[in-house]
Amino acid sequence: MSQMERLLERLDYIQEQILTLYEKDSVDLEDHIRLWNLLRRENAIWYVLRQEGHARVGGRAVPAMTVSEANAKFAIEMQIKLESLKASPYAAEGWSLQETTKERYLAEPSRTFKKLGQPVTLMFDNDPENLTEVVLWKWVYYITPTDEWYKARGGIDDTGIYYIDHESVKMYYVRFDMEAENFSETGTVTYRLGSALVNVPEPVTVTDSSSTRERTPKVLRPQGSRRRRNEETGEPVAPAPKRRRGAYGRRSSPKAQRRTAASPVSRGNGGSSDFTSGESDEGHRVRHRALRKKTAGVAPAEGHYLVGAKGPVNSLRCLRYKWKNKYSGDIMYLGTTFTWTESDGTERCGSGRFFCAFSNETKREKFLKSVKIPKNIGLFRAHAEKL
């Protein structure tokens, strides 16, 4: 038996075991650890096959070496994290396959395990078509640098969506000021919690995270076909994400004007503008209905028109590769994938990003109308005077 035959035989066996575990739908961490171990081995075989020059085997396309390598490394990370979680007090809770997926793990707050997500729909400028959806997780499981696991409860307030860490500090992973900065013209933000609408004190402005104010929100309840504002005292509850529309060219604070790109994301045309609720399968699933519409305001007269992409780094690399091959005639420059870091350290913040530049707004809008966006990737407009 040749080496090629042995590899293919091994690959078939591994893929059969992977399918068996998917069908088992176990809640045992040991099964999920085994699954990620199999995924690592599968990608190792794909890597070797591509290294030996095989583009297709048995009618199947062989992934690029960089893709297989990245997938294998991520599988190792997941296996190590799950083995550590299995040794923690939270192993006995029971973990579904969905709760240990790559999408759930990378959803904000990134590289944590999360349970019981609820959708929180944000509405900007009191416009029922200017919506986005984010996720509030009831429970967030994270590990410290000293390898200690903690279970944190999620919550929501006037500042944004957060979880409370083991030192009783609110760790925000969605900030309403940042959302409004990119998708609102007036700074008005309203979000739905169950059957009530909560009006964030307006206008929302960019503030330092250390100066968070605790306030009781105003609760808005719909009456008839129109939503009327009734002031009540209510304690926010946990939710998660949905759909949004952005505004371009709005006035922002000097601090906001210094930013080169926005953090919110979008994908494709949104569906119904009605508020809905329910557990989200993936964190930060966002549809940005107005991204493909030309919004009000004064567009920049000079410089470069940008489209930014945000999401899991591996998915971004695949998307960037596709754009490079398919839209090279439209895109002027295509940046590499990167992540933001804290200004006073090296800790990564949020998901990966990359930008592509267009010579004029017409080409950018044409691109946005034609491009297909994966479910776990979001897009946003940006502008730069120089590149």
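Glycine too: its Cβ is placed from the backbone N, Cα and C atoms.
Database features (Swiss-Prot):
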type: REGION; residues: 1-205; note: region 'Transactivation domain'
type: REGION; residues: 204-295; note: region 'Disordered'
type: COMPBIAS; residues: 241-258; note: compositional bias 'Basic residues'
type: COMPBIAS; residues: 285-295; note: compositional bias 'Basic residues'
type: REGION; residues: 303-387; note: region 'DNA-binding domain'
type: CROSSLNK; residues: Lys310; note: SUMO cross-link
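Per-residue pLDDT, averaged along the region 'Transactivation domain' (1-205), amounts to 90 for this model. Residues in the region 'DNA-binding domain' (303-387) partition by DSSP class (helix H, G, I; strand E, B; coil) as 24 helix, 32 strand, 29 coil. The Cβ neighbour count for the residue listed as 'SUMO cross-link', using a 10 Å radius over every protein chain in view, is 24.
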